[in-house]
Structures are given as C-alpha cells and as structure tokens.
Amino acid sequence: PSPSNAGRAPSPPDGGWGWVVVFGAFISIGFAYAFPKGIAIFFKEIQDFFGTSYSEIAWVSSIMLATTYGAGPISSILVNRYGSRPVVIFGGLLCGVGMVSAAFCTSILQLYICVGFITGFGLSLNLQPSVIMIGKYFLKRRPIANGLAMAGSPVMLCTLAPLNQFLFDNFGWRGSFLILGAILLHCCVAGALFRPIGAAKAPVKTQAIEEGKETLKEEVTKDAMEMSNPRNIPMETKMEEEGEKDCCEKINQYLDFSLFKHRGFLIYLIGNVLMFLGFFAPIVFLAPYAKHIGIDEYSAALLLSILAIVDMIARPATGIIANSKWVRPRIQYFFSFSIAFNGACHLLCPLASGYTGLVVYSIFFGLAFGMVCAMLFETLMDLVGAARFTSAVGLVTIAECCTILLGPPIGGTLIDTFGDYKYMFIKCGAVMVLAGTFLFIMNYYNYRMLAKEEKERKAKEEDPKSVRTDNEDRNNWNKEATQGGPELEPLREEQEGLKKEVNGT
Amino acid sequence: MPAACSGQRLLLLLCLGLSAGSPADPAATTKGALQSQASSLTKVQAGLHESSPEPITTAQAVSWQTQGSPSDHLTLGHTISAPGPELATQEFKEATKDNITFTKYEALLPGVSGTSVEKYITLDSAARIELSCRLDNKNSHLQSLQVIWKKGNETIGHINKTENSWSIKLRILDSSNLGSYSCSLKSKEEIGAAFHLQVPKIEGREKPIVSYGGDTGVMTCESSDYIPIAWSWYMTNGSEQIALNDSLRDKYVINIISANVTQLKILNLTEEDDGEYWCEAAFELGESRASVRLKVLSFMVPLKPFLAIVSEAVILVTIIFLYEIYSKKKEKHAEDEKEFDQVEQLKSEDSNGLENSSARHRRI
C-alpha cells in the first residue's frame, strides 16, 4: 500500500458510490433549474384568482430564480461548515415547507414569500452542494459526472411540465402546490445519498497495524472520524495546528474571498457574468417569436420540446467529449468555443424563415445550450480545484444572479422598442460571442502563465531533494493552497491523478 | 407595434382603393370598438395566421370588390373573424350615391366540387349587408342559370344581377334577421353557397375550474373581438337556470374587469356550488352564451396523494440511512478481521521488533 496516497486530500473514488451521488445530484439540480420554469403553468389561473397583471405573477418565477442564485454564498458557507448532506436535506425540507404554505396563501405577496423566497432558498441549498459533491467524488471522470448531473435539468423540465398540467387539471392550483411540496421532499432523498466522502482509511490503517492493537483501534477511530468529518478541508486542521489564524483567514474558512486574487477565477467570473446576459432570453422568447412569425401555439411548444430533448442528449455527450484525453487539458477552450457557438446560433436565427428554419435553430440551440450548461461548473472546478470550489461556486452564482435577471427584461424592452425580435437575437448573439472570445483569449493567457509557473516550481523542487513524508507533503501543499499562491493545485492534482491512473492505483 | 403596422395597412388600403380582390390583411378599426383596437387586431391577425398561413388561398375565399361609380370611395369597416375553415372576411363600406352604406360579402362559386361554400359572418350590431354569389372565371361562360336566394325555406326576391354575380341586400335589425341565407345556381348541375349570420361567440372554459370548500371560486368569460352591451351570469339548478345578480352580494360578486371580460366570484364555496355556470353576453342583435364548470373539492382530496408521497420520501430516506449504517458496520467488521489476522501474523513473526517499530511509528 502506498503511503503517498495519504499525503493528498482524500482521493476521489471516481466511481462506485460516486454514480449514486451523480443520480442524487441529477435530481437536485433538475429540481433547482426546472422548477421555476415548471410552475409557469399555474400563472394564468393564479392571475385570475388574485386579479393581478401578468407581470406581477411573473415576478414569482424571477424571485425564485434570483434567490436560487443569490443565496449561493450562504449555501457555500453552510457547506463549508456542515458539509453537503445536512445542507441538502435541510434545503429539501425548506422547499417542501415553502410550497405547502404556498397552498394556503391568500395574497400575491404571500406567494412571493412562500414560493419565491422560501422555496427559492431551499433550491439554492440543493443546487450548490450537489455540484460540490460531484467535485469531491470524481476527478478523472468529473466531466462525465458533471454532464450527467446537469442533464437533470431538461429531464426534470420535460417531466414536470405534463405533471404540472395533470395536477392542475385535477386539483386546481392550491392542491397542486400541496402535492408539489411533497414531490420536492425527494430532494431530501437525494441529499441522503450524498454520503460524506471519507476515503483514504486504508493507508492510515496500514501504518497503525504496525503499532499494535490498542493504539491501532484508537488511531483508526480518530482518523476515521477526522476523515469522514464532512469538512473536506484537512488544511483547516493543519491551519489550527500551525496557529496561523488572523481574521482574514477566519472569514476565508467560511467563504474563501481570497479567490478574488485567483487569476482563473476572475477570468471565469467576468466571462460568465457577461455570457448570462444573453443566455436565457432566447429561450424565454422563442415561443412568442414563433407565434409572431405565424406559427400556431402547438408547433411553437413543440420547438421548446425539441430544444429540451436535444439538450438532454447533448449534456452527457459533452461530458464524455470533455473527458477525452484531447479535450480535458484544454477544456477551457472547449467551453469558450461552445459559448461562441451558442452566440453564433442566435446571430443566425433572424435568417431562419418559416417553421423548418426555426426547427433547425432549435436543434442547434439545444445542442449549444446543453454544451455550455454541462461544462458550466466543470470549468470552474478545473480552474480553482475541488477544495476551493465550495466558496467559488457561491461567489460566482451571486454575481451571475444580476445578469440572469437582467437578460430577459432587456430582451423584452428591445423587442418592444424596435417591434422586431431580431434585435434581441442579435444582442444575445453578440454578447455571447464576445464572452466566448474573451474567455478564449484570457484562458490562452492563463494556460501559458500556469505552464510557466509549473516550470518554475519544478525547477525549485529539483534542488532540495529531501525525503518527504506524507505530512510534510500535505503541509506544503496546504500552505500553497491557503496562501492563495500559484494555481497549480488543480493542474497538479489532475496530472497526478492521471499519473495514478497510469500506475494502476 | 401591431397598431402601427395595421395603421400602415389602413393607409395603404385607403389610397389604393380596392380593385379585383387582392387577398389582404385584416386591418382597421371598428366603429364601436376603438378602444379594443390593438388587442382585437393582434388577435385577429394571430387568429388569421394560426389557421391559414396565407390569408386567402382557395377559390372558396371571400373576395371583396368595390362596386359602383368611381366617385365612390372606401372607408374601412371592421374586421370580422369567423370560426370555421374560412377565416377573416373583410367588410367594406361603400358610400353609394344614395348615402346608404352596405357591407358586402361575396362567395366565389363553385367551391370544392360536391360541397357548397359556407361562410360564417359575425355581426354584433345592426347593419345593412349585401350577400353576393359570383361565378369564377372558369365558369363564367355558363348560360341560362336559374338563381334562387333563400332564407331557410323562404325565397327572397329582389335579386340584383350584375355580370357574373347575383346578390341580395338585407337589413339586419334584430335576431330574427339572423340565420342562414343560401344561394343556388342551377343549370346542368347545382352549385351554391350559404351565408350564416351569427352573433359573436364568447369564450368560457372547457376544463372545469377546481376549487376547494371555504375558498373563493373565480370564473371569467371573455368576448374576444366585440364589446357586449351587458353581461349576465346564470347558475344551473337542476334543469332551471337561475340568474345571479347583486342581490346576493355576500355570496356572488360580479366584477367587470374590462369591457370584454367579466368575472364571477363565488365566496365561501360549498359542495352545492359545484356545477355549471353560464355567462351571457347581450349584443344588439341577440345573446351569446358560454359555460364554465366549477368543481368544488374538499381538502382531503389532495391530502391523500400528499401524505402518500411524503411517507414514500421518508421511507426512502430511512432505507438509505439504514443501508449506509449497515454497510459501514460490515466494512468495519471485515477490516477488523483483516487487521486482527495481520496483527497475529506480525506478532508471531517479529515479536521482538514490535516494540521498536511501535516507537518509531508512534506519530501519524
């Protein structure tokens, strides 16, 4: 047994229970993304019931989406503190409570609170931990796992839409909200599947065996507790031992603000914030655009279904492609390419005339949308590494929250002022092509800097060729990580991960 | 935006005047419905686009033509949307020399072989109309045709004949004037057309509205293109229809959302309120009805699936946790056995070195 394994953070199993975790994440992520869109079926009825205008009702969906993204940092802090599993279970309970109380609402304001804030917050406590869990369980096959888990969104949407219609026809909107609350409790089931990752027990034990039986039992239990402790931050305990604890690091324990010095993180943040300005608007306006150019309602709805089905297939497929040995090292380029491809689709859309043109557009749009979504979190994990991903995802989602909310209304005002849908498509396409090119160029620069830093680091390592024990190795690695220095860990992690694969461990 | 678009079309049509039926877009405003112009326009446009991609396709389509002397000019009347296979017909008012305006509807004959041409015309207020049957160019050679206009079984005299068309002029003043008017042209075969004059249809809901005991039930009815003079609601009690009016204020509340939309709110629902409700729109020429069904359920109905799903989720979570505890125990048990075996092995092999190695490997 190789003691060197214990030197790194628990190595991701890349399989086994990991696939069960992917299934749980599939459900969680599916609910988080599909639910706000799915309840739009009830809006007409609720609008009549409360006597409000359509835009007031549409705020329910917007508040829900905003809370799901905006509460990201809170989610990250809670995961950093308590681990993924309790957070997801609590999130599921919160969603259930939110929807059940929504069934008894007597005013639109109460709906905003129950459906918008409470359920939205519950969904955000589902979304982030699911993505984080995948990062903990997978390394070599992480893009596939991400692709599969993100495929939950279109699948859930396709299931929720007819289900909601069925519930609505049979139970009215109040009964439907009650039953949807029960259905959302399955997020708790998904959360129960998120077994805290407690790997690397074996190497520890092999050392303990040589000590003798009594100490053996002690060490085993102590290390087992430490390892299976939901905190996947072994560096944290090391920090305490070393006694370096000023207030910045204390805050960084909960939410790693030092990420803002991380080059890759900043690149990702700026690129994604820009991209989301034009990401969701075309979906929102696809059906109205189809009706505008003279297509009937059912065919317009069919366009969205085509989009969802292509999306469903594209996400795992992208995961598999991104995992291949040609793409994985250059996954950032692939991501920027898919964003630019998405933008190009939108730019070409106004040229599509008639129904077949729109069908072709929907197919390509579904493909591009799936590609981007599948790699959305994978690229972030690739840049900052699994350890800091917890905080990174929270910070990124709250930044994206603003542009996500702004995107469709800006598109809507463009449509209203110019009276033509093509300007909205041109705006979305231009924004995304710009984001794609920005990411491409900046990541090229980033890869070069990383390669340079790696060379420098290797040069330094060659000289003092001391025998490293597990803990020294871990210490150095942790020091580098906590000081927010070189962004080498992810590359190094993956290189060593790949090396391990070669060595057959 | 649609208003601006239609405004352009209005101007275009005004300038051109209309010559031989160019299929065109329904546009323009109604005399009495200026305020609902934009919405009705988009609806009609949408309605037109929904059912026929090109506005007028077959010979069955209605064409409109001007008649009369060049001094006549066109003003545009209102669009009429009609249900059924043929969509919007457009009416045009001509100013004749006598200053009486007639709206003309024309059917091109023959239609698809074997069937007679059907036209549905919706009228919401008193009007003078002219119905005309015209032979299309293919058949214009036919001679010695016998033309009869009928309403129901009564024959109508006063047929105006022009070169290839036969028309009658009607004054529609009340509901008795509505109905089906047909023309038939006989020579060797008989071809004909029928014009169905109706009041506008209003929309209720096909699927029942589901509500709960103690809650408020809300039902809406809408008249898409025409503004009724009055709305009223009826409840079906057995075979009777009871009018609901404001005398029962604490139970039934009728709201007027807008001129086209009416809403009935029933407070404090009970099982007896379950049933069919009728909304009736009164137009100048008659009334039009639509039904809305209300279903009143008790809260037990969704509660059962709710409890079933909740218990299923709880059971799943329990199973998952139990399985995890069980598999951890098994793992620990198996490893304990392994360690025990290995310790025994080491002990037997190297009992002396054990103390030294334990001192060396004390730290972890």
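Cβ from N, Cα, C; glycine included.
Keep in mind that TrEMBL annotations are predicted by a computer and have not been checked by a curator.
Taken from TrEMBL, the feature transmembrane segment applies to A:16-36, A:57-78, A:90-123, A:144-163, A:175-194, A:265-286, A:298-321, A:333-353, A:359-377, A:389-411, A:423-445. For A:18-447, the entry in TrEMBL reads domain 'Major facilitator superfamily (MFS) profile'. Here TrEMBL flags A:454-477, A:489-505 as compositional bias 'Basic and acidic residues'. The region 'Disordered' annotation in TrEMBL covers A:454-505.
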Dominant neighbour of the transmembrane segment (A:389-411) in A:57-78, A:175-194, A:265-286, A:359-377, A:423-445, by Cβ pairs under 8 Å:
A:265-286
Out of A:175-194, A:265-286, A:423-445, which stretch touches the transmembrane segment (A:16-36) the most, going by CB pairs under 8 Å?
A:175-194
Non-local residues, at least 6 beyond the ends, that sit with Cβ under 8 Å of the transmembrane segment (A:265-286):
259, 300, 303-304, 307, 336, 339, 342-343, 346, 349, 362, 365, 369, 372, 376, 379-380, 383-384, 392, 395-396, 399-400, 402-404, 406-408, 410-412, 415, 421, 424-425, 427-432, 434-436, 438-439, 442-443, 446
For the transmembrane segment (A:175-194) and the transmembrane segment (A:359-377), check the count of CB pairs under 8 Å (sequence separation 6 or more) and say whether it reaches 3 or more.
no
Same chain, outside the transmembrane segment (A:359-377) by at least 6, Cβ under 8 Å from its Cβ: which residues?
131, 134-135, 143, 146-147, 150-151, 153-154, 272, 275, 279, 282-283, 286, 303-304, 306-319, 322, 331, 334-335, 338-339, 341-342, 345-346, 348-349, 352, 393
